[in-house]
Amino acid sequence: MQIKLANPRGFCAGVDRAIEIVNRALEVFGPPIYVRHEVVHNKFVVEDLRSRGAIFVEELDQVPDDVIVIFSAHGVSQAVRTEAAGRGLKVFDATCPLVTKVHIEVARYSRDGRECILIGHAGHPEVEGTMGQYDAANGGAIYLVEDEEDVASLQVRNPEALAFVTQTTLSMDDTSRVIDALRKRFPAIGGPRKDDICYATQNRQDAVKQLADECDVVLVVGSPNSSNSNRLRELAERMATPAYLIDGAEDMQQGWFDGVERIGITAGASAPEVLVRGVIQQLQAWGATGADELAGREENITFSMPKELRVKSLL
């Protein structure tokens, strides 16, 4: 069996920044540091931060007064920000800047009284945060659609004053079909020049397609609650390549690889490379050879840290 590695894979700039914000806060201020929601959707990362003093909560009413709170990479609603400010909590915002870009678009449509359609998955924290940027006080409304069927049944107030945005971690192929359905049903609809799916999601989806084309089975390292990791698994399966979403080497079954010649490995944007290395080591123990990385798109994007953490870490 031969191992092939997707390129790029694993951590993106937004995840790197979010994890580093928690790390720096722990170093500068000491534990405990409260984090609203898992800072990124990866069990290994969350458990590591928890062991060092991060306390993960789902709502601010679980947070005592006079502590530091970090908002996760997925972003939060305006109501959460207002609650934190009203309680005087010290907040560091780890929202991915590409999610913030979508928030700004939604807030602008809200101010203009323009109805907005969000393409996304119900219940995902990014979707909840993005929906929560819309203030209907100016007469508009925001709607959530997941697929073409939702578009077909959607009732809006004014199809002439309508715009769309998208969750950043969706399947590009699925989203393209939903956007086409929106434009067909609502010809006057506005939106971003291209969808809001982030560069890292696009690059990892392109890479897994190449991997699935060249391999007999694909392993996606990522947690079950990671949206972008699930999309990678689905893309490989759509290309008729068996694919498995695993948290790490311990989730693998040797029988998956009976009769397999080429094993492809990729990782979601929240999965650290150490987990990929663990998978490679286990496969090699089962007789696999090599770990050749495919040609791919270079990523050199970085996002700046909050100023207070950046300055204090140098003292």
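Please read every residue number as a count from 1 along the shown chain.
A Cβ is built for glycine as well, from the same backbone N, Cα and C atoms used for every other residue.
There are 25 other Cβ atoms within 10 Å of the Cβ belonging to E126 (active site, proton donor). Annotation source Swiss-Prot lists active site, proton donor at E126.
Marked as [4Fe-4S] cluster binding site by Swiss-Prot on the basis of sequence analysis: C12, C96, C198. In the three-state DSSP assignment, the secondary structure recorded for C12 ([4Fe-4S] cluster binding site) is coil.
Here Swiss-Prot flags H41, H74, H124, S226, S227, N228, S270 as dimethylallyl diphosphate binding site, drawing on sequence analysis. The DSSP secondary structure for S227 (dimethylallyl diphosphate binding site) is helix. Its Cβ taken as reference, S227 (dimethylallyl diphosphate binding site) is surrounded by 24 other Cβ atoms within 10 Å in the chains shown.
Per Swiss-Prot, the feature (2E)-4-hydroxy-3-methylbut-2-enyl diphosphate binding site maps to H41, H74, H124, T168, S226, S227, N228, S270. Every protein chain shown contributes to the tally, and the Cβ of S226 (dimethylallyl diphosphate binding site) ends up with 26 other Cβ atoms within 10 Å.
If you look up Swiss-Prot, you'll see H41, H74, H124, S226, S227, N228, S270 marked as isopentenyl diphosphate binding site. Summarising the environment of H41 (dimethylallyl diphosphate binding site), the number of other Cβ atoms within 10 Å of its Cβ, over all protein chains shown, is 29.
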Residue, out of the binding-site residues T168, N228, S270, whose Cβ gathers the largest set of other Cβ atoms within 10 Å: S270
Whole-number Å value for how far C96 ([4Fe-4S] cluster binding site) lies from S270 (dimethylallyl diphosphate binding site) (Cα to Cα): 12
Closest of H74, H124, T168, S227 to C96 ([4Fe-4S] cluster binding site), Cα positions, binding-site residues only: H74
Protein Cβ atoms within 10 Å of H74 (dimethylallyl diphosphate binding site), excluding its own: 28
Pairwise Cα distance for C198 ([4Fe-4S] cluster binding site)/T168 ((2E)-4-hydroxy-3-methylbut-2-enyl diphosphate binding site) [Å, integer]: 5
